[in-house]
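To start, the structure under review is shown below, and the notes come after it.
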Amino acid sequence: MTSLKLLKEKAPLVICITNDVVKNFTANGLVALGASPAMSEFPADLEDLLKYAGGLLINIGTLTDENWKLYQAALKIAEKYNVPAVLDPVACGAGEYRKKVADDLINNYKLAAIRGNAGEIASLVGIDVASKGVDSAGVDNIDEIALAANEKFNIPIVVTGEVDAIAVNGEVVTIHNGSAMMPKVIGTGCLLGAVVASFIGLEKGQELKSLETAMLVYNIAGEMAEKRPNGHLPGTFKVEFINALYEITDEDVKKFKRVK
């Protein structure tokens, strides 16, 4: 099984093209975990960096026409160097323009995984689910949404919510770990996309196990952070979550994981 120890040993360079709100939080989270983030947004620089990268994150949160072109350029370069790319289609269910961009990136470029909340992923496959931009209401059929997207796009899918679902090659697992504090801190979902990009390329052909490990590490770190003094307060939780990502071990994952 793909392990946190393996990630720390490889310390993959992860290129994060993400939204302006979360860049600092994302970079610090990846460093704490053991990956090496680069927040580059210049195509010529990306050509140099992606030669050595272990993963690429495309997060469409701060969407502009210029950024759309940047996403396309980055994905072309990533495919050239066989770098696994993860798409976070932020708020793609909130409007036609975002949906158009997400559809373009999914249909015309090579992706290793898509990570989104239930509302975002449901919108990609035409399932009607209540969604509020980057947030999504509690959804009972999250595993069905993940499977529908996996079957439609033939791409590994991670759907997040009160329960998380991972679908790869028609197989679905659900993750029942996590903290209720996560949605109260802006950027936790976006950082998760970067964590997925850190794990997805560690072991070829082991995408399901890699994604499962990524989700467990992330969610159990959230549980650890919430249990610490004042972890029920969002400001403290944010700091303690970074600390927990730094301290969590494979033994913690084995002890506390809840997978179905």
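Cβ coordinates come from backbone N, Cα and C, glycine included.
Note: Gly187 (substrate binding site) has non-local neighbours Val21, Val22, Phe25, Thr26, i.e. same-chain residues 6+ apart with C-beta under 8 A of its own C-beta. The annotation substrate binding site is assigned in Swiss-Prot to Met39, Gly187 on the grounds of sequence analysis.
Cβ environment of Thr160 (ATP binding site): Arg115, Gly116, Asn117, Ala118, Gly189, Leu192 lie under 8 Å away, each six or more residues apart in the same chain. According to Swiss-Prot, the feature ATP binding site maps to Arg115, Thr160.
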Cβ neighbours of Met39 (substrate binding site) where a neighbour is any other Cβ within 10 Å: 16
Around the Cβ of Arg115 (ATP binding site), the count of other Cβ atoms that are within 10 Å: 31
